[in-house]
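*Asks:* One structure coming up, written as structure tokens, with questions to follow.
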Amino acid sequence: MTLPDRSALSRRAYVRALVAVGGGAALSACLDVTRDGDDTDPVPSGTDDPDSLPARQHAWNEFSSRDEDGNVQLPAHHALVPVSLASGAGDADADTEAGAAAESDSATAPSEDARRTTETALRTLERAYEWSPEGLVFTLGYTPAYFDRFEGSLPDSVDLPAPEALTAREDPAFDEFDALLHLASDRPDVVLAAEEGLFGDRDELNGTDLETDLTGVFDRHDDRRRTGFVGAGLPASKTDVPGVPESVPEDAPFLMGFRSGFARTQASEDRVTIDAGPFAGGTTQHVSSMDIQLDVWFGQDNHHQRVSKLFSPTHAADELVGEVGDELADTSGVTDDGIASAEAAAREHGVVGHAQKAAQAREDGNPPLLRRDFSTVDGDRPGQHFLALQRGIGEFVRVREAMTGADLDVSSANNGILHYLFVNRRGNYLLPPRSLRALPPAAPNS
Amino acid sequence: MAPDDPTADDSADSADRTTATGAAPATDATTTATRRTLLRRTGAISGALALAGCLGFGGGGDDNGEEDGKESDGETTDAGGDYGGRQPTVTVEDPPNAVFLPTHREAMRVEEPVTAGEFRFVPMLSYPHPFWTIAGSDDAAVERETPEVGRGVHMMITVQDRETGLVVPVDDGIQFRVRSDGERVGSPVSPWAMLSQEMGFHFGDNVGLPGDGTYEVEVTIPPLSVRRTGALAGRGEERVTGTFEFEYDDEFRHQVIDGIDYLERNRRGERGALEPMGAGADGGDGSGESDGDGNAGHASEMDHAHVPYATVPAVDAYAGTRLVGGASAGGAPSAGADGEATAADELPRSDDAPIVAVLFEADADESDLARLAGDENRAQNPAQYLLVSPRTPYNRVPLPDAALTASTERDGELVAEYELEQTLDSEYGHHYGVVVSGTGSDTSDSESSSAIRSGDSVIVSVDSPPQVARHQGYETAFLEMEAVTFEVPDGAEGGDTEN
């Protein structure tokens, strides 16, 4: 990996590029540049008392700040690190039928050693960094492919099918590795350092000695590694990337130029938490990675058209949104009765808003998804890593179907934002409760 | 292999067009009749376009103070780009609120047709050029795309069903993925559904390229979601792909720039339309007015540049009872340019779009009715099918992705209202239709019958206009479309009606 050229980039663009590259050299460079900048505050350290941490891996909201409208502020920098069980992590002594029958490593259940090492390494992260966006939040999620190695199957209380294509126009690859580590922090150097601490050459993290790392347990899939960012100003700092036009609004938190994740359009953490069975306290996660034809979105559509397609034609006509969604406060403004249904909008306006369609999937007015997605310029192309938590993957699929709007009488170009997005990958994950986050079996209680 | 040499094709084409130009594309005699109205509406629209144009990408000048320290890398500020600034940038001042002659005929390179499953598509390449995107119906819903980068191509395809030859005129989410030496170039592209006077309905977009070279384009055609009838039923159910290659170099740029044919200044903006690509080869009378040519070719005509051109049938090519356009806000029937009325001239217009309405009935048009009503309605023994076909004037290009409603009135009372469904029929091509009456006996004497009968009025209203991007000459028409009223003539057999 070559490091980005410092002289050619703004500071923010350079740091973003370092996170994307990853690795020890990138971390050093990142530390150099952040030391020179504003981020000289020490990173708050974590806790020695694991019991003081929430039982849910996905309990981020109460540790996050909120904007003036009460919307949770996601950590600014993200890395998604895909891993598979290393060949040494299997249970060599297993004398079960499954163990004996399984010749390949991928079919071997993880050993207790691997499990202990994983938990120890994750606890080290929690000692090193405060559980918050100022420090570090993270989840470790497991694919259906991971659970295939176990003799038993996942309990009925966990809805975790293998990923599949969800629209007729897409032909995605699927995340079929074992697990995905999601690292998130407002500090890009923390995201890099945490990954280096788990997989690289470091002895300490934020002053905490590293007892162990994950190199013996997991192999990383570098070609599937993903990074991104969210927050006002970050997208506009990416215009060094081809395909990211200068016209991305300065205050936009996402590349598409508008706010998202409004408090009232987000499910609560309770709503997405599995409430029964051995994985109670966990949740499911869908990650889809997509390209955005951002130059078309900003270059060929005007603001009125963008608002029509992202929110609704009524939002555009009544100027409800503001430049980047600032007028909307804590809601997408799509109400049950206030704004005409997607179907009516299709006929009357020839355009249906993305938010309008998504609202159709609400249950009793409550959105079923907790979105923690972020923008990306991985591969030097604009995109989005759409990460959503929900109690079961079926709920995601239902929302996705509503957003596809296949039943709507509207042209593809005016069907929400379908025209601008190209899904490349999809993956489904179980995020177990913290107590089961280290290499859980498919049926923990049996 | 001269026939396949795009250069040869294009020069032949140009020669034909030059001939055709002498005979003048048709202009429209209704210009004077509604001039005042048009000017009033045009003023509003041009204002909006001019304003919207300021919001375009890159903004031209780097005047957002905070970004001053970070110059873009030159690609976006190189105004001339690869074409040396020779791309036409001229616009028509104060265009009419109707179809009008653009400033020039485009030149393009036509690549060999590519087979993709049940479809065939023809790739066409030109220089990046302006067009207008549509998302809604009011002024703000129209945006002029002005290509910022003079490097790259305007990439187009026309998609055709291989079995029936029908040009697919609806937007179901086609995608382009460009590669060079196996590496992806830029983001994937969802080309716009577009109307052009020369190319008819096609899919296209401006696509930036990093430099000269050979490019490969993978075209993805997703399953069709539009209702299909006749031989088209059940076709296009699979997602398919096809690939073409092209060279981007000096030769290409010379070809597409040198082939540009500017219209005389005083004719730009006149009501009228350029003839379809290759039309000159069919005799080149240059009338451009093909409605009266008696050609019932349902789907498309392959011209000598092997580019299929989407057309709907001429008005007298439909069996069934043609409904008669009454005086309506949509536009008054009038005589053609040469003073001789044709069936096409009688069509009522809505924002310059002629609209054909035909009623198919069980007793007279059984096979058409059965086909158009489709398998899904067979059980209810359909008795009537109402077909509505809005099209461009002059060239008979279908106007897809609109939302139309038909209501029937009898003695001033509303009898029924129907949302029309966009449909592709293997015989009559693109239209909006509905099964009106479900039971065969329903058409009898019952006063309350909803079946359409002689003396009824059928009002076709446009809930939203065709959501299709426009090349120059189409950007001010088919937007604020008023309802048109038809009368159902006496007698079951319609055919031509005189008024």
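Just so you know, glycine gets a Cβ as well, placed from its N, Cα and C.
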*Asks:* Which one of these stretches, B:189-211, B:212-234, B:327-349, B:465-487, shows up in TrEMBL as region 'Disordered'?
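*Replies:* Spelled out, TrEMBL records region 'Disordered' over residues B:327-349, not the other listed ranges.
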*Asks:* Quick one: which of B:1-35, B:421-455 does TrEMBL have down as region 'Disordered'?
*Replies:* B:1-35
*Asks:* Can you check how the pLDDT averages out over the domain 'DUF7350' (B:348-486)?
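*Replies:* That region's mean pLDDT is 90.
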*Asks:* For the domain 'DUF7350' (B:348-486), jot down how many residues DSSP puts in helix, in strand and in coil.
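*Replies:* Summed by class, the stretch gives 18 helix, 62 strand, 59 coil.
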